[in-house]
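> Take this structure first; my questions come after.
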Amino acid sequence: MKQRSAEPYPAWADAHLALKYITKGKARGSKVGLWVRGESQRRLGHVGKWAGRRGGLVIFVGIVSLALLCVGIQNIRLDTTLASLWTPDSGRLLHELNYVSKVSGLTTDTNEMLIQTPKANAHHSSMLNSKALLEHLQVLQKALSVTVDLYDVTWNMKDLCYSANIPTFDVQFIDQIFEKVFPCVIITPLDCFWDGAKLLGPDFPIQIPGFRGPIKWTNLNPQELLMKARLAGQAGETHIGVFEILEGFMKRAGIGTGYQEKPCLDPKDPDCPITAPNKGAETPPDVASILAQGCYGFAPRFMHWAPDLIIGGPVHNKSGHVVRAGGLMSTVQLMSSSELYEFFRETWRLNHVEWTEAKAQAVLTSWQTRFAEEVSHLSVDDDRSHQFNFYSFTPSGLDSVVESASQFSWTWGGIRVVGVVLSAMFVGQFFDGSDNSLNWKTRMGLVLGGTAIALLGTAAGCGVAALLKIPFNVASVQVLPYLSMSLASQVFYILLHSQLNTAADAKTTLKKYGFSLLLGICIASLFIAAGALFPIPAVRSLALQGAIFLVVSSLALIVVYPAFCQLFLKKRKIAGGCNSQNASVSAINGGNRNTGSRSAPLNTFKNNNITLNNEKNGKDKQYCNLLNNEKNAPELKPDDIDLEMAIEEDSPDKCLTRSWTTIYVNLLNWKWFSGIVVMLYLLWVVVSGLGITRLRLGLPITDVVPSHSSEWEFLTAQGKLFPVYHIRAVTKSNFDYPNNQKLLHKFHETMSSLPWVIRDDNGGVPPMWLSVFRSWLLRLQAVLDKEWKLGHLHKEGWTDSASADGILAWKLAVQTGHVDHPVDITQLPSNRLVDSEGVINSRAFYVYLTAWAWNDPLAYGSTASNLKPEPRNWVHSPEDKDLKIPKSAPIKYAEISYLLRTSKEDGTQEEDQESQILAFVKEVRSICGKFEARGLPVFPWGIPFRFYDQYLTLPINSGLVLGLATGAASVILFFSLGFSLRPVGVILTVAVVTMLQIAGAIGWLGVGLNALPVEIGLLGVSLVVFTTVQIVVAFCCIPGSVSVRRAVSFTLVGPPCVQSLILITLTALILYSPEFTFIFTHFTLLPQSWLVGLSHEDPAYLQPLTPSPIPKRGSSSRSGGRSNGSSRTGGKSSSSRGNYPPPPYSFRGSSSRNNYYHGSNRGGGHSRAPSEHSLSTITEEPSSCATRRSAEIIVQPQVVVETFENSTTTKVSAKLKVEVHSSMHSSSSNSNPQSSVNTSTNMSDNSGTSASTSSSGSFTSSSASSTSSYNDKFSVDD
């Protein structure tokens, strides 16, 4: 007789054997799928065999290899600059940023800002009072006075700030006065009051002969100074024209009495000028009404500070007047590093230093840091700190605090590692789905070993990522390593489950589970790595590192952990747990069934060391030796394997406490439970769909800044009180500016019509540079026309009565714009500087530009046009008879500035700020796109576009990422699963639905949708897909009905997958970081939502239902089973008995001519071997776990014979039912057990003929310990 296999699922354990059956025509199935699985099993079997025999060597080599990879950790490069982390580094935005940096040298705004807010419990909750403004003045004045020493030079605010452009008069004492008196540009609410002059300096008062006292802005009256200078004859007759130009300059800028006629915050201040309107008043000024219309700087025409820039959170009364405000803000405009470098490049102060732009940036950073430190020091003053909060902000300070918080913390790192290890041990001990009882110390040792390997593998993954020069960030350091450890737990829990719950060594474990594990790791890492397609550097690094961590740690577990388990169990000489898988399958078939192996008798198995009713140990338990001797196992051939094994009833495992897996599989067999599962799942899908409608784009910058730092406090207050953004429209080269002025004006009008643009008192917006340029020319044209009529100007030149502006206009009117003949006097008087349509003379456009930029510098500077190349230098002098004016180079770069706020002017309730930002970013992009199509090369630039422009393409990028990941996964699954579409469809459907559910969770939680939540969603998809792959692969390899295959597949891989999900849930709680909000919202709160509400739902009870669309592989039809219920089933019909597992691949009927059934017990050492087309089920039901008082054995062999003749098919089946009932009394060893035997035989054929025979009888045995068994012997003639 041929020896039969103990494995009922050859496609699961050894696919090559099943493939040979298909080749021989005894079964059918996917040859490609079996070949792929068989080849992987063969190679993995070799690895497992080698690892099992040389466990110590494998562990040693594995640990050494991983330790060597960990050396790469020292090469980690940490990227902590927010601009580089969260700004797209490819596509349109990168091209625009590179263009700005290359042409203008600018990278971002360089401003120093200070925000003042009241304390929550302060007496004055409003900031619109004199006390708040005076405190603001003191802090700002002291902070601006700080200096730093670098490169043997003392740097102060005056050296670094942006000052208004002033004309050059070539008169030394006038130029010196202007250089010292003209202050830095400071946008502050203090400019509404005389006290604002205290910020303007100069630090060293100017002494002017003939004037009483030193000159400072607190006592400076520019008009009076100019008048006295003229009367005193300081300039002499040769400088009369200079004073005229100076007077015109001051008049155009609106410079009058300076701050001398503005109210004082403290009317009793002795320095308050007598010209102040409230000098000596007893009551403080009405701050609210004064600030309501904004403030004006020292040049009112060009320096108007809108209320939105200086007061925050205003509260209006019914008449629209501001009555309260929640904050005050001042902004000091500093030069950029490139501007600072250019400004000091030729100065004598730095002749001893090799001056570079990097050194200029170092000076700026150092001074800004000193400013922030001073503000922090001043804000803790006892009296001040009890009433007001002061927050400062510097870009360098922001980068510094992010860098500090991103460093690895050994304290938090150790706490998280210990937390993950303890969680893994807790889950491994209390959430195992097996029915065996194993020493808890042994189990903890195995779990601890797996966790240690996962930890070492994750560290090795960090080393690999560092060697590949993938930059790390705060998420890579504080989140990803611990999350990767829990992700790898999926692998080690499955391997641990196999070691504990099957009689498997390392070779068998890898043959059974290795293929599905590798396939799951491949698909999971593919979904994780797909996030690298996003153009966000932080997300790209996170995706690549996550995939690397998962692959390295999982491969380490697959190779090292089985060897560790086998070596560990051998050292402890552990007898492992019983195989509980069949018990779960029995439950799904509706009865109490035996899980004993079908290839062995019910007394003793020599090879597997299985003993039933062992009187020697006095316990009714079953022990299985996990450590089978491979050398003693005979090599099996396909003909030695019985593919049609049955599931036994009434497992002795019933004596043990049933695991949650068995209970759950029992529940799955109930239709009402499955219905509830499906309904709950559909309900969750509907809820997720509603959550998708609540999705909003955005990632608040405060989420990626360390919480409760000064920068975080400032950004929080700014977002709440001052939602104002400075943006620029940049026009590029390859544009004919002189001949397309109307298009440029039209663009400005369109942009100015946006509802978010801040307007002045008259409802207008600040004019663009071209409009200011045109206005200047129109004024000169009017002077020219007037003085031409008066005769002061004529074709030959001008008279002594001509004004300086008239002479300048005459010089401009004779310009031709041609280099060869630049001057043509014959153009007078018909030539117009600006025609009737408001278009500047295009031929002389760049000549006029030179004159405007250098002769009206304050107006030119106020436009913030930042023209590149800069206009040529030429200062007009009435005494200069040279008519040639240099022509500037064509414009390659120009800026048009706008101030936008995230609220409309119609008084309606403001929407979410991020939604407003995205709305105007989208609208501005749309406007720029339309005008670019009309020939104007323009693009927007500014903080909102740098950080929010990515959201305009986020839906497309997300769809691309998900589509490519799904497509690549489908190709891999299609070839790996043998060109079978249905399993691939099930896996991908679960992946897509999971992503939709995660999107719904994001919507309900209110987390802004950006590339980071999408990547975290891909992490969630990878978890669910990994579990689904395990279940589907097992499902495809298991024979039987759908319910049986579903139950067995879940029993094989379901419990460890649920364990890993529980561990990941606990790990997400451990990842809480007190410093970064986005770590809590994205890596703790968000994973909890889809792990608890989604991932536990999918693998735990939905995924066992999802493989249902995968059909049985043509299982042979069977009929029969029990026709009526027995006393053990309570009278219920047991027709489900026919749902025993068929072979994994159905057989085409080969007739069996000689079939014998032997009912006697001959040679009890021989196992029962049913024929290819028969199934025998032996059931033994103990009534007690302590002692067996009765025994019942039922044998149901079935013989099916099919014959084929021409087109007629005849099928004859014979069924024999034998029941043996034995009563055994343990009270006395001499008592006689009572046994009864019922035998029935049914034969039928498909032609309608049938015969039945039944017999019954009873016998009495004198041995109380006798065991009744049947050894079925069949002669199979292939």
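Note: Cβ is positioned from N, Cα and C throughout, glycine not excepted.
Just so you know, TrEMBL annotations are computer predictions that nobody has curated.
This is the feature table in TrEMBL:
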{"type": "TRANSMEM", "residues": "57-76", "note": "transmembrane segment"}
{"type": "TRANSMEM", "residues": "410-432", "note": "transmembrane segment"}
{"type": "DOMAIN", "residues": "441-567", "note": "domain 'SSD'"}
{"type": "TRANSMEM", "residues": "444-467", "note": "transmembrane segment"}
{"type": "TRANSMEM", "residues": "479-496", "note": "transmembrane segment"}
{"type": "TRANSMEM", "residues": "517-536", "note": "transmembrane segment"}
{"type": "TRANSMEM", "residues": "542-564", "note": "transmembrane segment"}
{"type": "TRANSMEM", "residues": "672-692", "note": "transmembrane segment"}
{"type": "TRANSMEM", "residues": "956-977", "note": "transmembrane segment"}
{"type": "TRANSMEM", "residues": "984-1004", "note": "transmembrane segment"}
{"type": "TRANSMEM", "residues": "1016-1038", "note": "transmembrane segment"}
{"type": "TRANSMEM", "residues": "1050-1072", "note": "transmembrane segment"}
{"type": "REGION", "residues": "1103-1189", "note": "region 'Disordered'"}
{"type": "COMPBIAS", "residues": "1113-1138", "note": "compositional bias 'Low complexity'"}
{"type": "COMPBIAS", "residues": "1148-1158", "note": "compositional bias 'Polar residues'"}
{"type": "COMPBIAS", "residues": "1173-1187", "note": "compositional bias 'Polar residues'"}
{"type": "REGION", "residues": "1223-1278", "note": "region 'Disordered'"}
{"type": "COMPBIAS", "residues": "1223-1269", "note": "compositional bias 'Low complexity'"}
> When secondary structure is assigned with DSSP, how many helix, strand and coil residues does the domain 'SSD' (441-567) contain?
113 helix, 1 strand, 13 coil
> Pairs 6 or more apart in sequence, C-beta under 8 angstroms, 3 or more of them: is that satisfied by the transmembrane segment (410-432) and the transmembrane segment (1050-1072)?
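Counting Cβ pairs under 8 Å (6 or more apart in sequence), the transmembrane segment (410-432) reaches the transmembrane segment (1050-1072), since there are 3 or more.
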> Of the listed stretches (956-977, 984-1004, 1050-1072), which one yields the highest count of Cβ-Cβ distances below 8 Å with the transmembrane segment (1016-1038)?
984-1004
> What mean pLDDT score does the domain 'SSD' (441-567) have in the model?
86
> Looking only at residues six or more beyond either end of the transmembrane segment (956-977), which have a C-beta under 8 A from one in the stretch?
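Same-chain contacts beyond the flanks: 30, 32-33, 36, 519, 522-523, 526-527, 530-531, 533-535, 983-984, 987-988, 991-992, 995, 1011, 1014, 1018, 1025, 1029, 1032-1033, 1036.
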